[in-house]
Structures are given as structure tokens and as C-alpha cells.
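Novice: Sharing the feature lines straight out of TrEMBL:
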- 72: active site, proton donor (ACT_SITE)
- 135: substrate binding site (BINDING)
- 32-310: domain 'NADP-dependent oxidoreductase' (DOMAIN)
- 102: site 'Lowers pKa of active site Tyr' (SITE)
């Protein structure tokens with residue numbers, strides 16, 4: 001991997017970057033680069049204290065947008081870090097931050113949305129989130145044990161999207177979610193949602209990287225005033241949803257070498273140049289600083305041409321496909337909007353009790 005130009009000799013003395021932000025239809029502008037807290041072990045390997053420390057390091061590096069979810073098991077750690085940062089005077093108040101969390105599929109039912117958000121707010125120890133997203137366009141029967149986040153494919157059911165979205169709108173009206181949106185929604189699903197939404201979604205968070213470019217979806221979202229936000233901009237290497245093509249790409253390595261940057265920086269810069277917000281995740285202090293070093297330089301037309309010629313593939317592919325569920329094939333789940341040659345990664349057994 002090519003070296004970075006950023007100074008990593010003393011990360012604790014790094015000067016936080018001035019972060020550009022995207023204007024969204026609800027709430028305050030969204031910082032373009034966010035810090036992700038999803039991990040392959042759903043926070044178990046790092047522990048609450050480890051995630052808290054990582055978030056504090058990210059704050060020191062200059063991140064102000066923090067992305068979590070009820071299913072990540074990191075909300076409480078993010079809340080701890082925010083509280084510590086305020087007490088230490090690192091930030092003036094929680095209002096200096098942009099916090100996103102997500103509604104898990106077991107709570108994606110009328111009557112469960114508001115309680116789920118209220119639980120997330122208690123975990124985060126805040127009065128509101130800046131963005132609340134429907135995590136996936138599918139529901140699951142609530143587990144026998146409340147709080148379980150295992151995916152049981154036999155329990156997957158079609159989402160009552162209208163009923164769930166009405167409750168998302170109520171969360172916004174109550175001031176508990178300054179903005180509301182979705183994640184992993186296709187053009188077709190967004191079109192259906194927009195047909196009845198009184199408050200349109202402000203954002204759609206999806207997998208985006210040089211091997212999953214999302215050109216059709218981005219054009220649709222731009223036309224509808226929906227901000228696209230990219231997760232797994234590096235392919236999520238090491239995670240159950242990983243697409244290892246990204247970090248192992250000879251083409252991306254070549255571009256990085258020519259620029260004196262890392263492959264990660266090339267990927268994040270490419271997504272940034274598309275106009276998307278980017279959720280970058282690394283708990284390593286040096287890499288979290290490097291992931292912010294995407295300003296003050298740009299890709300060339302030739303770089304962009306080479307990236308546009310990469311074969312399409314994605315990691316988040318068939319997690320919620322099952323013969324007894326609402327989506328029998330990946331093509332159904334993605335409404336035929338994926339291209340030929342997509343990867344067929346299987347979700348890890350740790351997340352799926354039916355494997």
C-alpha cells in the first residue's frame with residue numbers, strides 16, 4: 001500500500017480538519033465525512049470502553065459526524081464519549097455533533113418505532129439524534145428475548161412501509177429525530193415511499209465504493225432531493241459484509257501509488273467527489289487521521305476513467321434473502337437494480353441463526 005502524505009508521527013497533536021457539510025432537506029447540514037462504529041463483532045471484541053476511546057480519538061482528529069445503530073451495540077459507547085468530551089471541554093455541547101442511528105428490522109413495525117428510538121436516545125444519553133434511518137427495507141418478527149439482534153431468516157416478513165414511515169415522521173415531529181431517512185433502499189422502494197410520505201426521506205445510506213458505484217441510485221436521489229450517504233467506502237474488509245475486491249484492487253493500488261496516497265484515501269476521495277457523504281470506519285488512530293486526508297487534492301480524469309471501468313460487485317447482497325421471507329432472491333431484494341457480476345457473499349453465521 002502506498003504511503004500517506006499526512007503526518008502520522010504524532011497523531012495526538014493532529015490539527016482537526018475543517019469539515020465540509022451537505023445541506024439536507026431536514027435538520028442541520030450533514031458533515032461530509034463521518035466516523036463509523038460498526039464492527040465485525042458488533043462491538044464485542046472492542047468492548048464498550050474500546051469503542052468509547054476510539055470515538056474520543058476520532059473527535060480529536062476532527063470527526064463531528066458519528067454513525068451508529070441499535071444493531072451495532074455501540075450506541076452506549078458513543079454516548080459515553082460524547083458525555084466525556086463535553087465534560088472535558090473538547091466540544092461545547094452535544095449540539096456540535098451530528099449523530100446518526102438506525103431502526104433495526106425487529107423494530108420496523110407500527111407501534112415499535114418510537115419506543116426503539118427512545119431506547120436509542122437513552123443509550124446515547126442525548127435528547128435527539130440528527131438523523132434516524134430505517135436500517136433495511138424489511139422487517140423481522142420481534143425476538144422472544146427483547147434486544148436480541150440476531151437475524152433469524154425464518155422470521156423475516158414484509159415491512160409495513162407506510163405504517164413504519166408514519167411513525168418515523170412522528171419521531172421527527174416530536175423533535176427526537178431532526179431528520180429521518182432510510183438505508184439500503186433501491187430506486188423502486190424510494191419511489192414507493194415517496195408516493196405516500198408527508199415528510200420525504202432526507203438521506204439514503206447505502207454501500208458505495210469504486211466497485212459499487214451506485215450511479216443509477218445517485219441520479220435518482222439527486223433528482224428527488226435525497227442525500228446519498230456511503231457506508232463501506234473501503235469495501236468493509238474483514239466484516240461479514242466485506243467486499244475484498246476494493247482494498248486488494250491492483251488498479252486502486254496503482255492510483256494510490258501515483259498519488260502518494262493510500263488505497264483508502266483514494267476510495268474515500270472518489271466517493272467524496274461523487275457528492276456523497278462518506279462513513280469511514282477505523283479504530284486505528286493513524287488510519288482514522290489518514291481517512292480525513294482527502295482534501296487539497298483530487299483524482300484526475302484518467303483516475304476516474306479507470307475506476308469507472310472496474311467490475312461491479314457488492315458485499316451487502318443477500319443477507320435478507322430466504323425462501324420463506326418476502327424476498328426469495330437477491331434480485332427481488334434489490335429490485336433488479338444490481339448489475340451482472342455482483343458478488344454473492346453470505347452473512348456470517350454469528351449474525352444468522354438459520355445457517
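Keep in mind that glycine also has a Cβ here, set from the backbone N, Cα and C atoms.
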Novice: Expressed to the nearest Å, what is the distance separating the residue listed as 'active site, proton donor' and the residue listed as 'substrate binding site' at their Cα atoms?
Specialist: 11
Novice: Measure from the Cβ of residue 102 (site 'Lowers pKa of active site Tyr') and count the other Cβ atoms within 10 Å, all protein chains considered.
Specialist: 28
Novice: Please give me the CB contact count at 10 A for residue 135 (substrate binding site), counting all chains in the structure.
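Specialist: Result for residue 135 (substrate binding site): 20 other Cβ atoms within 10 Å.
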Novice: Return only the integer: C-alpha distance in Å from residue 135 (substrate binding site) to residue 102 (site 'Lowers pKa of active site Tyr').
Specialist: 5
